[in-house]
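Working notes, structure below.
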Amino acid sequence: MPELPEVETIKETLKLFVCNKTIKHIDIEWPNMIKHPDDVEEFKALVTGQTIRSMGRKGKFLLFYLDEYVLISHLRMEGKYSVHSPGDPVKKHTHVTFYFSNGEELRYNDVRKFGTMHVYPIGEEFMHKPLNQLGPDPFDTSFNLEYFYEKLKRTDRYIKTALLDQSIVTGLGNIYVDETLFRANVHPLKRCSKLSKQEVKKLQINAKETLRDAIKAGGTTIRSYVNTQGDMGMFQQDLYVYGQHSKPCRVCGADIIKIKVGGRGTHLCPTCQPNKQGVR
């Protein structure tokens, strides 16, 4: 699933191609993707004739700011946007096409068909699902140490599980949680209530640094992620633990191990991230 750095990269590349383009009409081949309004014809009517004025992002969600509305798009597992000229071959699994008045087309392709789209009036986008259920973005000023520490100390969950909770902080997924925990020298099975304020500060700082580094590298391509121009991310070359099972740690040389935390595959260095609680 594209996480914050991948969605940020997609947002920035989309800005180059879709801003100030007017949507002439829309084809929707998989209506189940349209979540609000749930009537596809109403969805089309709201968006048709609107010009894309700017692009935004909240966590893993793309935000298309139109004249009067905001189109909220979640790529889920395999969703991809690409811009095409008229007559370009249409790939299999292209489920939504936005036709611009200049003849260009913005196509949404999704092998798994898990992606979602919502439309709300500008100013109401954070009042409804899905955005109203999200915690702060890691780059929001509201994601400060006091907020983060208060949230974590109130729960006895494993820190790995808490960092994946989008209501605490939004945008982190399995890749960047594992990398953040490694950089902060925190074991994924440590209970949140047992974290010191200094450990929480290290998590906050390293989450931001990890995400910034990944954004600079264009995201991480593990399986199929590419940006709007079809370019792969490069951050997979800089991963310390994720996907590095049995390889030597780049910091200490110990073998990276893989465990399960809350049903999620989790990578760590047992030396750099000691399990001081002895939890299995």
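Backbone N, Cα and C atoms are what each Cβ position is placed from, and that goes for glycine too.
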Range among 30-64, 65-99, 135-169, 240-274 that Swiss-Prot annotates as zinc finger: 240-274
Site with most surrounding Cβ atoms, counting all protein chains shown within 10 Å, from the recorded positions Lys60, His93, Arg112, Arg264: Lys60
Integer Å distance between the CA atoms belonging to Arg264 (active site, proton donor) and His93 (DNA binding site): 28
Lys60 (active site, proton donor): nearby recorded positions from Pro2, Glu3, Arg112, Arg264, Cα cut-off 10 Å: Pro2, Glu3
Arg264 (active site, proton donor) versus Pro2 (active site, schiff-base intermediate with DNA) - Cα distance in angstrom: 16
Predicted model, mean pLDDT over the zinc finger (240-274): 97
